[in-house]
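What follows is a set of notes on a single structure, which appears directly below.
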């Protein structure tokens, strides 16, 4: 029983949850700043967001194993099928359960907020499933990075704010950009780490299409945009100076930029991947706390 629990723990990749938690936190804290907050809706949106990410991670594990049988691949802890910890059928069922519960939550939230959110929910689940599965997985067509930016940045931040307030404002749109940039940066360095495997199996990504150097420069550009957008918002007078709190993570970002620009070994890029996920979480938490 304990082994099964540990297997599912690794399968859903909990250390990646900052990607689904941070956008909801930022959007919801902006709603509090706006003067409206419903705790129940916040909990449901957060849970739904995490379930969609868990489902996405499980579909990715299932589809990747079915496509390649993990031959020649680095067996990371979440490769539970290749390690013989879970069957492919169990992982696929787990993904469907996650998406199913998330859909039920989404339906309820839509009844509380209106039909525009239904379109967002449907698109999000479709992209989450289609990212790794289906006849033409979106993540293998070079669409992974832009889709992650859009759906785990602006879409999630704006949706979380809209659920609470039934409106949108320009500062919210603006602050969704750095969140999207940082989560996209996570995927960029992830694909940099896996560049050889992805080329072997024909997976298109920024790194495989444009090369390691260009991908590293894009990574640095995303960090610059993330920090610069917050500075520009505050400088324009659209937000108080306390919203500059995420700049406290700038030393961490500079260290990561050097790692990615100079790193070629898998171990170095793995450290950069973990560091970028940590940066995303730290940046988002500082911003969310500052907003309140």
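From the backbone N, Cα and C atoms, a Cβ is placed for every residue, glycine too.
Feature annotations, courtesy of TrEMBL:
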type	residues	note
TRANSMEM	7-26	transmembrane segment
TRANSMEM	32-52	transmembrane segment
TRANSMEM	90-109	transmembrane segment
TRANSMEM	115-134	transmembrane segment
TRANSMEM	171-192	transmembrane segment
TRANSMEM	213-235	transmembrane segment
What else in the chain is close to the transmembrane segment (171-192), if you only count residues 6 or more beyond its ends and a Cβ gap under 8 Å?
-> 16, 19, 22-23, 26-27, 30, 144-146, 148-150, 152-154, 156-158, 161, 198, 205-208, 212, 215-216, 218-219, 222-223, 225-227, 229-230, 233, 238-239, 246, 260, 269, 272-273, 276-277, 279-280, 283-284, 287
Sort out the residues at least 6 away from either end of the transmembrane segment (213-235), same chain, that have Cβ-Cβ distances under 8 Å to it, and list them.
-> 171, 174-175, 177-178, 181-182, 184-185, 188-189, 191-192, 195, 205-207, 241, 243-244, 246-247, 250, 253, 256-257, 260-261, 283, 287
